[in-house]
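What follows is one structure encoded as structure tokens, with my remarks underneath.
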Amino acid sequence: MITTRFAPSPTGFLHVGGVRTALFSWLYAKNNNGKFILRIEDTDLERSTQEAVDAILDGMSWLGLKNDGEIYYQTKRFDRYKEVIQELIADGKAYYCSCSKERLEELREYQQANNLKTGYDGKCRDANYIPQQGESYVVRFKNPQDGVVSWDDAVKGRISISNHELDDMIIQRADGSPTYNFCVVVDDIDMAITHIIRGDDHVNNTPKQINIYKALNANVPVFAHVPMILGPDGAKLSKRHGAVNVMQYREDGYLPQAILNYLVRLGWSHGDQEIFSIEEMIKAFNLEHINASPSRFDFEKLKWLNKHYIKESKFDDIQTEVEYHFAKTGLDISNGPDLKELVAVMAEKVDTLVELAEKSSYFYSDDISYDENAVKKHIKASTGEIFVKLLENFEALDAQQWQDPDVLHNIVSTTAEQCQVGMGKVGMPLRVAITGSGQSPDIGITLKLLGKNKVVARLTKALEELCK
């Protein structure tokens with residue numbers, strides 16, 4: 001069975017590069033009816049935090065990237081790592097090393113001064129050193145000294161590294177804790193991982209890990225190293241370019257569907273297709289079409305995709321996110337139109353759900369403020385008479401008539417004729433009075449969504465405050 005994994009370290013937030021790796025791994029497993037494993041690599045006890053673990057789990061849940069089976073934590077597997085280390089020592093494939101920090105520092109300085117490759121010189125490799133109680137030591141993996149480590153990377157092609165370039169790396173620290181490169185191999189063997197899709201910053205770790213696989217007589221999985229994501233300027237994507245924490249995108253009003261659709265196309269292609277449902281992603285995804293070159297993050301394209309999903313999604317699919325953003329504003333959504341109806345009207349005018357909530361606030365809050373420029377431009381000496389006539393005409397409508405935007409639009413037109421002015425001389429001041437600004441959806445729709453009571457109350461208030 002095809003089995004992939006996403007294995008983040010909980011030392012910070014879940015960034016978009018990690019999300020893309022998780023997405024590719026998840027899609028490949030789903031495409032092949034396989035399993036997707038989530039593993040928290042928390043062996044860095046000083047830097048790992050529960051807050052970061054929670055951020056990772058929240059991000060994966062928000063995006064809908066559900067793992068199969070339990071979530072694995074490396075800190076709960078220390079006994080297993082120690083067991084394998086002892087097996088390697090017993091088989092002569094690892095050894096105890098008593099070299100002090102001072103000796104290793106002197107060795108490094110000597111190598112640098114003489115333009116030699118830095119790394120451990122193997123002093124304890126064949127010394128058969130057995131640590132005595134109280135002595136400080138580490139355990140090193142006995143890396144092959146000859147030959148070449150080669151693998152066919154699913155993205156980068158054939159890669160070969162001479163074993164002369166690799167030293168005997170530490171697999172157990174002096175405090176007894178196992179190291180990253182060792183733990184991931186044991187985990188991937190025990191979890192039957194067949195395909196490892198990860199960032200290409202791990203390429204240098206791969207030959208070391210392959211040698212451990214071979215020492216443990218295990219099958220070496222397929223590696224697919226995905227290029228990094230760059231900012232729009234070609235530099236490595238960072239905070240200075242904008243949000244990199246995936247949950248910040250939620251706070252900024254982006255839909256998870258838009259994030260996933262954008263990231264799947266960031267370094268992977270399926271013809272000219274731009275818009276993908278989750279089902280379409282799963283069906284089309286493969287490793288062969290991952291681009292070997294870095295991709296630039298285009299914030300404008302992400303915004304375009306987000307607008308598409310706000311406009312085109314079924315309301316049920318985005319309702320949770322819409323309600324989340326309205327809740328953040330403190331607006332009482334029971335004091336206004338149905339959100340489903342509102343989104344259908346406002347979607348064309350916004351790029352994010354933050355914009356949606358902000359630009360729709362006047363539908364739910366009676367505490368509207370008037371835009372000074374709009375008042376100056378549209379409220380004139382004659383506006384009071386127009387408002388009086390509008391109130392008279394609106395009051396004459398029954399509840400059923402108020403549900404028809406065309407009827408309401410015609411009332412505005414009729415009022416313009418009665419006052420012998422153009423439609424704009426009525427519609428624009430009316431907008432200012434009922435929304436606070438000169439911008440809103442079609443005036444008939446705006447009036448319907450606000451409802452008769454709000455419109456009459458706001459017109460009355462505007463008549464008193466703006467038409468003195």
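From the backbone N, Cα and C atoms, a Cβ is placed for every residue, glycine too.
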Practice problem: Have a look at 41-45, 236-240, 271-275 and point to the one annotated motif ''KMSKS' region' in Swiss-Prot. | Solution: 236-240
Exercise. Match it up for me: which of 8-18, 118-128, 195-205, 437-447 does Swiss-Prot list as motif ''HIGH' region'?
Key: 8-18
Quiz item: Excluding the flanking five residues on each side, which residues at least 6 beyond the ends of the motif ''HIGH' region' (8-18) place their CB within less than 8 Å of a CB in that stretch?
Solution: 40-42, 44, 47-50, 52-53, 55-56, 59-60, 199, 228-229, 237, 244-247, 249, 259, 263, 297
Quiz item: When you tally the Cβ atoms that lie within 10 Å of each candidate's Cβ, which of the binding-site residues (Cys97, Cys99, Cys124) has the highest tally?
Solution: Cys97
Exercise. Count the residues of the motif ''HIGH' region' (8-18) that DSSP assigns to helix (H, G, I), to strand (E, B) and to coil, and report the three numbers in that order.
Key: 3 helix, 1 strand, 7 coil
Exercise. Inside 10 Å of the Cβ of Asp126 (Zn(2+) binding site), count up the other Cβ atoms and send me the figure.
Key: 10
Quiz prompt | Reduced DSSP assignment, Lys239 (ATP binding site) | solution = helix
